[in-house]
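Student: Quick one: the structure is below, and I'll ask about it shortly.
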2 protein chains.
Amino acid sequence: MAPEKRHKVTVVGSGNWGSAIAKIIAENTRDHPDVFEPLVQMWVFEEEFTLPPTSKHYNGSSAGPQKLTGLINHYHENVKYLPGIRLPDNLHANSSLHDAVKDSTILIFNLPHQFIARTCDDLIGRIVPYARAISCIKGVAVSADNVSLFSDVISEKLGIYCGALSGANIANEIGMEKFSETTIAYDPPSEDEESTSSSKPAGHSKLTPIPHGYPTVDAKILKTLFHRQYFHVRIVSDVAATSLAGALKNVVALAAGWVIGLGWGDNAKAAIMRVGLLEMVKFGHMFFKGHGIRTETFTEESAGVADLITSCSGGRNFRCAQMSIQRNVPIKEVERTELNGQSLQGIGTSYEINSFLKAHGKEAEFPLFTAVYEILEGKAEAKDLPDLIERDPAPKL
Amino acid sequence: MAPEKRHKVTVVGSGNWGSAIAKIIAENTRDHPDVFEPLVQMWVFEEEFTLPPTSKHYNGSSAGPQKLTGLINHYHENVKYLPGIRLPDNLHANSSLHDAVKDSTILIFNLPHQFIARTCDDLIGRIVPYARAISCIKGVAVSADNVSLFSDVISEKLGIYCGALSGANIANEIGMEKFSETTIAYDPPSEDEESTSSSKPAGHSKLTPIPHGYPTVDAKILKTLFHRQYFHVRIVSDVAATSLAGALKNVVALAAGWVIGLGWGDNAKAAIMRVGLLEMVKFGHMFFKGHGIRTETFTEESAGVADLITSCSGGRNFRCAQMSIQRNVPIKEVERTELNGQSLQGIGTSYEINSFLKAHGKEAEFPLFTAVYEILEGKAEAKDLPDLIERDPAPKL
């Protein structure tokens, strides 16, 4: 029996990863019009864009700068951030944040983390109070004495429940429908009756129930919304580890890049990844007790071990770290010369995590994270990594 | 206080991996003459070898074929199987198996698995009854209705306890002293007093105690014997998973090679590896109950996740599988043209594991292992892997 009401879905953000997720969402709302309003809004931070001659839509003479939303809706392609990928007709680029989220019951957040707070501020009072959210934003917000999950930031600012999506998800590959998996962590308080965890982050006690007539937003409906033949979804309850792993893996990827840059081979890289994975697990248990954190999320889910593998294969942090050794220049210089103004997340995360560990007196318990920081600071060398991460040398007999 | 008696160590086998392990062992016995007899015997299956012009020992004219043991002992290099790597002076190549193991209290087995049974048969009555062994042999012995660990085969044939060593260990990299980690699983019955597991494979009840005066063969002494600055050792109790992972990863590596051959990218490879890792875990728990098998050995140790990563980076199974797709030829043909008479372990293991799963009616519970077999058999195609491994499609709402 079809439900009386259908969920309306909005994707907040339209970069490379935002557009790839929006494509999946729109494919699934189109395929399941019984539970979802097929038309998906995608909020686009409006900008002007000039079609490059490499675009298949370029017609020999440039039309000059045009509005990105107009280009996306006209060509059904995010010509700037996900060029070459056809987006579904039922995905609508919208430059008005307020209009894009109007009446939406499911909000997918997928924007650069520096925009999260102000975007949420702008959304206060503009969303339906019973909306549910998923954050696809990689990383965590770290201050000297606190690590916050972006899902909690969204949740607290808007007074709605927010889960997290993360995985071995290079956006371009997903856009091209090359096979991927992802992890969705979703564990709202019991109003929704799908909770299994006993521990909740603060601020969810006043969660507004979803009105009668709407399908419950649960694991089944999220799977229907995100799962594709080329994008396999597993639903877990552990939001903390799902989010944390996506930040910490970038620190490990720097170290993996360095040892490959040193010419040390696959054994060394695998060793660094293994040690890094265990420090990720340890960090989660030490600082997210009471969040229902589970070792298995790191060691068995796409958001954990698989994302780490992808990041240490050809990810940006890995590649720049490798180049910095091969060219014998500081990684900051590689970042400057190779990334066209973008920054390496691993560097920022490494400094933030180190400040946080220092503030808690726990540096020594995370030898790899600490070694990466020391190497970035020029206080240690990558070639000393085996000694720096050695926790248990051969005993004196 | 130094012990009264020192352990004598013999490496049984002298291939690429055997020679690399023998080098480490001899470095450590040399560095710890208080607990080990420095001279290490390495049993070499005698053969004739002619120094190639590429050898640094080639003097312009070939001396013709010479005995391999003589070459190894003269040049301190296994010129055939680990060329270019200087072996310690205290490592002695010995073509007599009986002489090599005489009075040895620690035996390191490192030979191709087809030679294990006959070599053990030849050793019966030739070893001291209180010897302890470590098997560095990758793989498991599979028949239609049984999977045996090589460590158990050695143990039962010789009536001594045998542990296992496995990890992300490409032998040439270790020979060159590039950083690696490994896992040693050692959990003898309680005569040795270091046991933590309550479950033992059969046949150990009559274990002969190590005579008074010898240092106990425990985690500490094994770490002293194997650990180097460039070769970090972790000791665990789980012999079954340590051994199993080294066999099953080759099946996963075939699938990983196929998806890369298809041009599917790093997301897809990481997904296959994650799914494969979980099937390895499941296989272990299903068929090695009572062996003290632990999920963590697969997901957290070098013998598990790290070895899988290395094997899916540039290992032989991975590369040949990739080539078979790129060239559109059966993998058996790639094996024939690329491997110079050697065989791909992943193919053999895949067929063996499939027969075993069929015999137990469990094929459907291992969709990736089964898919690899079906693809090898030509009954399925690599491009169907996402559907073949899909266990939990989007629900009907």
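In case you wondered, yes, glycine gets a Cβ from its N, Cα and C as well.
For B:8-188, the entry in TrEMBL reads domain 'Glycerol-3-phosphate dehydrogenase NAD-dependent N-terminal'. Positions annotated as NAD(+) binding site by TrEMBL: B:Gly13, B:Ser14, B:Gly15, B:Asn16, B:Trp17, B:Gly18, B:Phe45, B:Phe115, B:Ala171, B:Arg316, B:Gln345. Marked as substrate binding site by TrEMBL: B:Lys138, B:Arg316, B:Asn317. Per TrEMBL, region 'Disordered' is recorded for B:186-211. Marked as domain 'Glycerol-3-phosphate dehydrogenase NAD-dependent C-terminal' by TrEMBL: B:238-385. For B:Lys249, the entry in TrEMBL reads active site, proton acceptor.
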Student: What's the CA to CA span in angstrom from B:Gly15 (NAD(+) binding site) over to B:Lys249 (active site, proton acceptor)?
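Tutor: About 21 Å separates the two Cα atoms.
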Student: How does the domain 'Glycerol-3-phosphate dehydrogenase NAD-dependent C-terminal' (B:238-385) divide up by DSSP, counting helix, then strand, then coil residues?
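Tutor: Helix, strand, coil within the domain 'Glycerol-3-phosphate dehydrogenase NAD-dependent C-terminal' (B:238-385): 113 helix, 0 strand, 35 coil.
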Student: Looking only at B:Gly13, B:Ser14, B:Gly15, B:Asn16, B:Trp17, B:Gly18, B:Phe45, B:Phe115, B:Ala171, B:Arg316, B:Gln345, which the record lists for NAD(+), tell me the maximum pairwise CA distance in angstrom.
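Tutor: That value is 25 Å for the farthest Cα pair.
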Student: When the pLDDT values for the domain 'Glycerol-3-phosphate dehydrogenase NAD-dependent C-terminal' (B:238-385) are averaged, what is the result?
Tutor: 96
Student: Rounded to the nearest angstrom, how far is the Cα of B:Asn317 (substrate binding site) from the Cα of B:Gln345 (NAD(+) binding site)?
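Tutor: Just about 7 Å between their Cα atoms.
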Student: Enumerate same-chain residues with a sequence separation of six or more from B:Gly13 (NAD(+) binding site) and a Cβ-Cβ distance below 8 A; give 'none' if the list is empty.
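Tutor: B:Gly13 (NAD(+) binding site) has long-range Cβ partners B:Met42, B:Trp43, B:Ile108, B:Phe109, B:Asn110, B:Leu111, B:Pro112, B:Phe115, B:Cys136.
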Student: Find, for the listed binding-site residues B:Asn317, B:Gln345, the residue with the lowest Cβ contact count at a 10 Å cut-off, counting only other Cβ atoms.
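Tutor: With the binding-site residues B:Asn317, B:Gln345, fewest surrounding Cβ atoms within 10 Å: B:Gln345.
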Student: About how far apart, in whole Å, are the alpha carbons (Cα) of B:Arg316 (substrate binding site) and B:Ala171 (NAD(+) binding site)?
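Tutor: Here the two Cα atoms lie 13 Å apart.
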Student: Which value in Å gives the longest Cα to Cα span across the substrate site residues B:Lys138, B:Arg316, B:Asn317 as recorded?
Tutor: 14
Student: Counting other Cβ atoms within 10 Å of each residue's Cβ, which of the recorded positions B:Lys138, B:Lys249, B:Arg316 comes out lowest?
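Tutor: It is B:Arg316 that, of the recorded positions B:Lys138, B:Lys249, B:Arg316, has the fewest other Cβ atoms within 10 Å.
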Student: Between B:Trp17 (NAD(+) binding site) and B:Lys138 (substrate binding site), find the distance joining the two CA atoms and give it rounded to the nearest Å.
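Tutor: That separation, Cα to Cα, works out to 10 Å.
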Student: Looking at the binding-site residues B:Trp17, B:Phe45, which one has the fewest other Cβ atoms within 10 Å of its own Cβ?
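Tutor: Counting other Cβ atoms within 10 Å of each of the binding-site residues B:Trp17, B:Phe45, the minimum falls on B:Phe45.
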Student: Of the recorded positions B:Phe45, B:Ala171, B:Lys249, which one has its Cα closest to the Cα of B:Lys138 (substrate binding site)?
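Tutor: The smallest Cα gap between B:Lys138 (substrate binding site) and any of the recorded positions is with B:Lys249.
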